[in-house]
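As recorded in Swiss-Prot:
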- S47: active site, nucleophile (ACT_SITE)
- D339: active site (ACT_SITE)
- H342: active site (ACT_SITE)
- N93: N-linked glycosylation site (CARBOHYD)
- 1-32: signal peptide (SIGNAL)
Amino acid sequence: MATLFLYSNTFSFFFITLVSLALLILRQPSRAASCTARPVIFNFGDSNSDTGGLVAGLGYPIGFPNGRLFFRRSTGRLSDGRLLIDFLCQSLNTSLLRPYLDSLGRTRFQNGANFAIAGSPTLPKNVPFSLNIQVKQFSHFKSRSLELASSSNSLKGMFISNNGFKNALYMIDIGQNDIARSFARGNSYSQTVKLIPQIITEIKSSIKRLYDEGGRRFWIHNTGPLGCLPQKLSMVKSKDLDQHGCLVSYNSAATLFNQGLDHMCEELRTELRDATIIYIDIYAIKYSLIANSNQYGFKSPLMACCGYGGTPYNYNVKITCGHKGSNVCEEGSRFISWDGIHYTETANAIVAMKVLSMHYSKPPTPFHFFCRR
């Protein structure tokens, strides 16, 4: 695998900023101290928050250089390091979420489980690993955990209790694949946006099912700017670009989806009055990274660090990151996009910092709200 895009200004303002970010995200005793109960998190989603489920469930090869930074090895994450969900867990001083499908090791999922699988959509609902299937997996997980916890006094405390499930945080980050696949099938913009109400309905139904299982605290991420992904830009011959070089139609569809998701959260706050529903504007955060990339020390914000093809996007669907012939940049910290679809650890760290700031949550809520008693 070749290496390209060398940069020498290692001690730039960006790296000073990055150190500050690390301190903010990973060393926040005030946040951790606010958790008076053990944090329990259940996550549902796609590759943006998959911490190894695709590899564990299907044996799909996600090899090096994925994971080359923090983990120093591939862990099944589609990034050079940590994902947003990893930084959020670390902000609470809790261990990183293990994939539900990863049965190896001695984990008992005491701090929750991750049901997210790369490539997962909301529709069709009965195809692995759609959101519907992930919620069914959770139902089985909960039932089995409570069964084991009640089977022996010696096992009490080793598994999540009924109160643990009730007080847990339920995170959902899904919908991107539904929109992207519609465009990939050749559907027009109008055909794609007609699917959005169905997608929103399925997400709402899944949240209500989790509520029926006892969940009361929900953390909902909207989708990012699809039209700014190097993968989409490299495959679509279009002059329909905005001032930052992103595809207007893709981003417009994502924006309409996000508006529907926001409205859904408003409805759920009325329908489920004893539940807390937090909506996070991930789109605004990620688009700001691209629009203000120089301020964050990024170069070529629409170019993948790992891929093939060089400028302007370094993405080729036939030679993707980690495959024979692909290249990888030396300093991923100068790139927003890792592989043309997913973000670098550096970009994820900045996204996490902004999520934790409460400026992008509706209503403004600290991430640790669910583990305060």
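Every residue gets a Cβ built from N, Cα and C, even glycine.
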Cβ contacts within 10 Å for H342 (active site), all chains included, total 24
Which of the three DSSP states, helix, strand or coil, fits N93 (N-linked glycosylation site)?
coil
